[in-house]
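Colleague: There's a structure below that I have some questions on.
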Amino acid sequence: FLVFFFFSSRSSAKLIAPLGCLVSRQKHTLPDLPYDYGALEPHINAEIMQLHHSKHHATYVNNLNVTEEKYKEALAKGDVTAQVSLQPALKFNGGGHINHTIFWTNLSPNGGGEPKGELMEAIKRDFGSFPNFKEKLTAVSVGVQGSGWGWLGYNKEQGRLQIAACANQDPLQGTTGLIPLLGIDVWEHAYYLQYKNVRPDYLKAIWNVINWENVSSRYAACKK
């Protein structure tokens, strides 16, 4: 019975195995933002950023730590039933931590525009053009029913970029195998205070703060 768990440092998040490593693990911590809460205005206001980071993301981190403690106890007891029952909480809170840790670095007050270099060439190869890619990722993100994420990922087996949507806090790589490059949070807490229920307006605005340097670095790293 092999299970993967979510591990992160202050600056990164990734999946590693096995859960036996929990015996000596460090607690997960909320990563610092690389910019001030108001730095993404007017596209995403400071109130949203503060609540999103210090409340929502912090809750995922806290709940993940609690769940992993319970999992460690279940492992020690050999209680497989308890281990299985904890899987949804691990997936939800672990995914929430992974997703948001990527999301904050995908944004920048100096973002926007278009990517350059190898990432741009890959986008043109796999989607025809940057405007076409932008339209497709926006449409997938708008179309998420309820809460979830729109993603640009890298399919390592096929050597190409791929767009996907994930429900709730399902982590892209853990559920689809795609390596996450760019994630767009379409939970209402990411935009409601500013854009109300008009998700398309939020998605139109967020392109102005996409950190293409970060996305390009992620693309270069996953190709190695």
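A Cβ is built for glycine as well, from the same backbone N, Cα and C atoms used for every other residue.
Curation plays no part in TrEMBL annotations; they are all automatic predictions.
Taken from TrEMBL, the feature domain 'Manganese/iron superoxide dismutase N-terminal' applies to 27-108. Feature annotation from TrEMBL assigns Mn(2+) binding site to H52, H100, D185, H189. Annotation comment: TrEMBL describes 115-218 as domain 'Manganese/iron superoxide dismutase C-terminal'.
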Colleague: Please list, in sequence order, the residues in the chain of H100 (Mn(2+) binding site) that are at least six apart in sequence and whose C-beta is under 8 Å away from its C-beta.
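Modeller: H100 (Mn(2+) binding site) has long-range Cβ partners H52, H53, H56, H57, Y60, D185.
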Colleague: Using an 8 Å cut-off from the Cβ centroid of H52, H100, D185, H189, can you name the remaining same-chain residues around the Mn(2+) site, in sequence order?
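Modeller: Surrounding the site, in chain order, are H53, H56, H57, F103, W187, A190.
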Colleague: Of H52, H189, the binding-site residues given in the record, which has the fewest other CB atoms within 10 A of its CB?
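Modeller: The binding-site residues H52, H189 were compared, and H189 has the fewest Cβ atoms within 10 Å.
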Colleague: Near the Cβ of D185 (Mn(2+) binding site), how many other Cβ atoms are there if near means within 10 Å?
Modeller: 25
Colleague: Helix, strand, coil: count each for the residues of the domain 'Manganese/iron superoxide dismutase N-terminal' (27-108), based on DSSP.
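Modeller: Secondary-structure composition of the domain 'Manganese/iron superoxide dismutase N-terminal' (27-108): 58 helix, 1 strand, 23 coil.
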Colleague: If you run through the domain 'Manganese/iron superoxide dismutase C-terminal' (115-218) with DSSP, how many residues end up as helix, strand and coil?
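Modeller: Its residues divide into 54 helix, 24 strand, 26 coil.
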